[in-house]
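K.L.:
Handing you this structure, nothing more for now.
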């Protein structure tokens, strides 16, 4: 090797090492591994007591998280679940779309339950896009037009807001805090665009502008450049936790399209929704419910339209936090979990709501997908038509038929309950680190 090459090589190594060592801490991520409602909020609440910053990276108030802290039940839609920890900073990242009236309504409701000093603990990205009331009107109209082929949207305006973002006529939080005349011009322009496409929507432009002028001073204390804030925090060794909204099977790219949400709720959305490079990611925690649920329409291979589905729905109190709709229920689906693990790269799993299975004499787990001709699939179907042509092959495991609700040590769980957990581990080749057997954070068992 020439002297010049050696110098260049050493220079590269030094630069590479410098970049690698630039961050003194890692970002840990909590992601839903199914169709949402897995209990991510409770997991984040448990982990938030040990971190400095908790972030939301995508979605809007179409997501719903319930956290029980000190006997009080908090419902969050836009706020990260970490806000219940008063020592923690909560960040709403650039990938989130924000309906300001809903955000402040959520703040007031949770302050009434005891949440305090949010102004000092909540940061909103200046690059996050705004959801307006007309986005919500459009969402409802588009859903109604689909008739019997509706997608089951929450009608919160999330899809139309992301559409505005993609077509480059959306408005960001930072623009609201700048020159209000420019904001007004942009608002009138986006309203006119939507009126041309949807003439029946009702928008009082002057009233809306007056309302948003009032929001300027209310939202200003929360807003800053979250990208710079997070990178500075990592360089200073601050611990960061990201709370994914929705779940992998609702991802716009990897979910059961078109029965999906409008954002990337897999690992990629964490990076783009917060402005983080891949090397900052540490643990990726997949949250898996011990059975499967889904809100709204769309394919659901292991769904049980029988007494088992009814029992899971009743015992699990499967009602959507955001929609208040009953969730569809079915058995655990291994092919689905293998697929989302492939996409997200889970380093460990938190298995939730194991106690809901306590009364069952036997428990089925979907282990293979087969076509109607008997051929086994080695992949998760990419189209709805392909997915509708599959049959599920089940493994039957013995139940434990005793309450696990008050157990706090993994080795004290009934043997068959432990075997259920180990079966999931062996199928996915991913360790189960925690098991949930109740509502509160104290009901999460550390397996190891």
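Note: Cβ is positioned from N, Cα and C throughout, glycine not excepted.
Residues or ranges marked as active site, proton acceptor in Swiss-Prot (evidence: sequence analysis): 37. According to Swiss-Prot, the feature active site, proton donor maps to 65. Under the heading GTP binding site, Swiss-Prot lists 36-42, 64-66, 327, 353-355, 436-438. The annotation Mg(2+) binding site is assigned in Swiss-Prot to 37, 64. Here Swiss-Prot flags 37, 38, 39, 40, 62, 63, 64, 65, 154, 168, 246, 261, 325 as IMP binding site. Look at Swiss-Prot and you will find 321, 322, 323, 324, 325, 326, 327 tagged as substrate binding site.
Set these features in their place in the structure for me.
P.N.:
Under the three-state DSSP scheme, residue 37 (active site, proton acceptor) falls in the coil class.
Just so you know, the Cβ of residue 65 (active site, proton donor) picks up 25 other Cβ atoms within 10 Å once every protein chain is counted. Under DSSP, residue 65 (active site, proton donor) is assigned to a strand (E or B) in the three-state scheme.
Long-range C-beta contacts of residue 39 (GTP binding site), restricted to its own chain and to partners at least six residues apart, with a cutoff below 8 Å, comprise 287, 289, 350, 352, 353, 436.
Counted within 10 Å of its Cβ, the other Cβ atoms near residue 326 (substrate binding site) come to 14, all protein chains included.
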K.L.:
Under 8 Å between C-beta atoms and at least six apart in sequence, can you list the same-chain neighbours of residue 354 (GTP binding site), or say none if there are none?
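P.N.:
Correct list: 290, 404, 417, 420, 421, 435, 436, 437.
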K.L.:
Just the number: how many Å between the Cα atoms of residue 37 (active site, proton acceptor) and residue 325 (IMP binding site)?
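P.N.:
About 12 Å separate the Cα atoms of these two residues.
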K.L.:
Please identify, among the binding-site residues 42, 246, 324, 325, 326, the one with the smallest Cα-Cα distance to residue 64 (Mg(2+) binding site).
P.N.:
246
K.L.:
List the recorded positions among 62, 65, 154, 246, 325 whose C-alpha is within 10 Å of the C-alpha of residue 42 (GTP binding site), in sequence order, or say none.
P.N.:
65
K.L.:
By a 10 A CB contact count over all chains shown, which of the binding-site residues listed here is most packed: 62, 324, 325, 437?
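P.N.:
Of the binding-site residues 62, 324, 325, 437, the most buried by Cβ count within 10 Å is 62.
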K.L.:
Which chain-mates of residue 36 (GTP binding site) that are at least 6 residues away have a CB under 8 A from its CB, listed by sequence?
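P.N.:
Looking at Cβ-Cβ distances below 8 Å from residue 36 (GTP binding site), excluding near sequence neighbours, one finds 63, 246, 247, 249, 250, 294, 295.
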K.L.:
At 10 angstroms around each C-beta, which of the binding-site residues 42, 327 has the fewest other C-beta atoms nearby?
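P.N.:
Across 42, 327, these binding-site residues, the one with fewest Cβ atoms within 10 Å is 327.
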